[in-house]
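Asks: In case it's useful when we look at the structure, here is the feature table from TrEMBL:
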BINDING   Gly133, Gly134, Ala135, Gly136, Val137, Gly138, Lys139, Thr140  ATP binding site
DOMAIN    125-317  domain 'AAA+ ATPase'
Amino acid sequence: MPNIYNALIVKGRDTVGQPINVTCEVQQLLGNNRVRAVAMSATDGLMRGIEVIDTGAPLSVPVGGATLGRIFNVLGEPVDNLGPVDTRTTSPIHKSAPAFIQLDTKLSIFETGIKVVDLLAPYRRGGKIGLFGGAGVGKTVLIMELINNIAKAHGGVSVFGGVGERTREGNDLYMEMKESGVINEQNLAESKVALVYGQMNEPPGARMRVGLTALTMAEYFRDVNEQDVLLFIDNIFRFVQAGSEVSALLGRMPSAVGYQPTLSTEMGSLQERITSTKEGSITSIQAVYVPADDLTDPAPATTFAHLDATTVLSRGLAAKGIYPAVDPLDSTSTMLQPWIVGEEHYETAQRVKQTLQRYKELQDIIAILGLDELSEEDRLTVARARKIERFLSQPFFVAEVFTGSPGKYVGLAETIRGFKLILSGELDRLPEQAFYLVEVKEIILSTNSGQIGVLPNHAPIATAVDIGILRIRFNDQWLTMALMGGFARIGNNEITVLVNDAEKSSDIDPQEAQQTLEIAEAGLRKAESKRQTIEANLALRRARTRVEVLNVISMIETPFNLVLAPISKGPEKLSSYESGSRFDFDRYGLVPRSSPRQADLILTAGTVTMKMAPSLVRLYEQMPEPKYVIAMGACTITGGMFSTDSYSTVRGVDKLIPVDVYLPGCPPKPEAVIDAITKLRKKISREIYEERIRLQQENRSFTFTTNHKFRVVGSTDTGNYDQGLLYQPPSMSEIPPETETFFKYKSSVSSPEFVN
């Protein structure tokens with residue numbers, strides 16, 4: 001008679017002559033030379049009288065380096081169509097847990113290189129961690145990053161056990177691992193993970209044993225290769241669920257909520273083999289599904305008894321774009337004790353949690369009354385908590401192909417030091433964005449030769465920064481700041497901006513900024529000497545910059561104060577003109593507005609009929625000054641093919657409203673739209689330039705001589721940042737005589753110098 005857990009092989013042919021090869025596992029001895037076995041694959045075609053072979057041993061699967069980069073089923077057979085696997089080294093899936101004298105009883109931290117995990121919910125070396133999270137919050141990416149980090153930092157490998165999950169998810173995981181380099185298909189020996197799948201369409205016997213197959217492969221790396229191993233089980237609930245089905249098939253009486261009476265025994269036999277020994281360790285991360293969100297359900301409740309830590313992924317953090325989206329307050333660890341991690345680590349983690357908890361309590365007050373109604377202490381707590389929240393974000397190595405941002409492995413000591421600096425207040429002067437480790441998509445700043453846009457992988461340059469607005473685009477948001485001159489260096493995919501003074505738009509008081517502008521304008525009118533005129537001009541430019549940065553705060557997603565009321569086939573149908581990409585519109589300062597009172601640009605396209613004319617005129621009249629119009633296409637400019645029908649068609653939109661830029665074509669090309677926007681911007685800049693020249697000529701106390709000669713030169717003197725990068729005499733006390741004149745102006749488009 002075969003022993004319990006022996007593997008039986010059923011061979012034969014079905015009624016249509018197809019070969020049958022089914023592996024079963026003995027579960028019960030019924031007597032009278034009969035046994036009850038559970039099939040590990042489909043039983044279609046089985047019938048009485050088919051030959052059954054007793055292998056005389058439990059199921060054995062391949063182990064060792066030959067398993068890396070491959071996908072196996074519960075029997076250890078490769079299912080990735082990459083050829084056979086070296087089976088000279090195999091191991092049975094049923095083993096006893098390591099004896100007590102073999103265990104490494106020392107409590108030590110398993111450093112992952114992920115800040116939020118190592119600081120607030122550290123993993124125990126050889127422990128079990130529960131991973132909780134819904135769909136789309138980053139479980140797969142977190143798992144792949146842990147696989148990558150253990151290979152690089154610990155020289156270890158990983159084994160992934162897919163227990164009763166969807167086939168599609170297993171395929172997606174495999175493809176993502178190949179894209180991120182975790183699996184090297186060209187050289188499998190360089191791969192860092194072995195995959196074992198038992199999908200939900202498999203028989204319950206296969207789903208029940210696939211976890212043991214993965215664990216057996218991990219044990220070989222621990223005991224023979226003496227490596228640190230990560231074992232991922234997704235999902236541990238499916239292991240319990242499969243055991244419940246097998247128990248019913250074996251005729252056992254169900255226990256609480258219909259689960260098997262041997263639930264605790266089966267769970268313990270799996271979990272107790274996951275531990276640290278004197279040779280190495282197996283650290284297991286197990287995704288836990290909680291049925292109906294009932295934590296008292298026997299399946300998750302039995303699992304919790306074995307867990308050393310929990311990592312909870314928050315959809316709220318994922319919605320904010322903070323990855324990894326690990327909830328710092330819900331995630332826990334039994335290792336976070338001062339006698340294990342040390343006083344410094346423990347105190348820092350507790351202060352971080354207290355700050356975040358206080359911020360969570362204040363969020364309702366902020367939503368109702370606003371941030372200004374908080375006390376000074378609470379406002380400081382909120383500011384630090386928001387910085388901590390963003391500092392918990394971290395770019396991943398395995399996500400580089402998606403984000404373009406290089407991954408970071410942050411050591412535990414560096415993590416503690418960074419959070420201590422935030423909590424101590426040493427970094428209070430820095431904005432929140434300085435702690436947000438996400439990719440900057442674009443930076444637009446004012447230089448002494450006009451505005452420039454910097455995209456990723458920009459060529460190295462160094463330039464002086466003029467007084468103006470700095471715009472930084474993250475994912476879909478813009479950060480705007482008023483800069484008062486400085487210096488910028490771009491290189492190695494990084495940009496450094498050194499400035500004397502910078503103010504975020506949210507930190508500027510509109511009333512105070514307007515008052516400062518009025519004072520600066522009055523100061524320019526009162527200026528008498530050349531020195532006073534230069535200083536007054538600088539003060540006026542600074543004041544205007546602070547006011548201008550407020551004009552774009554209501555449309556933070558666009559870099560310029562130019563909004564759009566597009567017309568497509570009539571003004572009564574407002575919709576964006578889709579010939580250009582959203583990126584182009586963003587970059588060139590266009591954002592659709594639903595109300596004409598919020599817009600300062602109309603794009604007209606299509607034929608304008610007499611019926612539409614009153615609505616178009618009314619739309620134009622509702623727009624505030626200054627307002628601009630771009631006419632796109634022959635139908636709008638001249639009436640097109642309907643120009644002869646003057647009864648129902650307007651022969652050109654300029655018959656109704658003034659047009660600033662004409663855009664020919666039928667229809668115009670997408671690049672022509674961007675060209676028209678650029679022309680309009682230059683036109684606006686030229687008008688501003690001419691108006692400023694006129695005002696300055698009216699207000700200054702000196703005039704140019706009739707025989708004055710001008711020479712246009714390039715700016716080479718960066719000047720003094722405090723003086724706005726304008727030319728300064730060697731000594732302010734040595735002011736040139738009034739017969740010598742000097743004037744210099746930098747527009748937003750070009751910056752010619754007029755030197756006498």
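Just so it is clear, glycine is given a Cβ too, placed from its N, Cα and C backbone atoms.
TrEMBL labels come from automatic prediction, so no person has curated them.
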Asks: Hey, what's the Cβ neighbour count for Gly133 (ATP binding site) at 10 Å?
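Replies: So the number of other Cβ atoms within 10 Å of Gly133 (ATP binding site) is 21.
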Asks: Starting from each candidate's C-beta and looking 10 angstroms out, tell me which of the binding-site residues Gly134, Gly136, Gly138 has the most other C-beta atoms.
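Replies: Result of the Cβ crowding comparison: Gly138.
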Asks: Using Cβ atoms only, which residues of the same chain lie under 8 Å from Val137 (ATP binding site) while being at least 6 residues apart in sequence?
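Replies: In sequence order, the residues whose Cβ lies under 8 Å from that of Val137 (ATP binding site) (at least 6 apart) are Leu313, Ser314, Arg315, Ala318, Ala325.
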Asks: Counting only residues 6+ apart in the same chain, whose Cβ is under 8 Å from the Cβ of Thr140 (ATP binding site)?
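Replies: Long-range Cβ contacts: Asp172, Leu173, Glu176.
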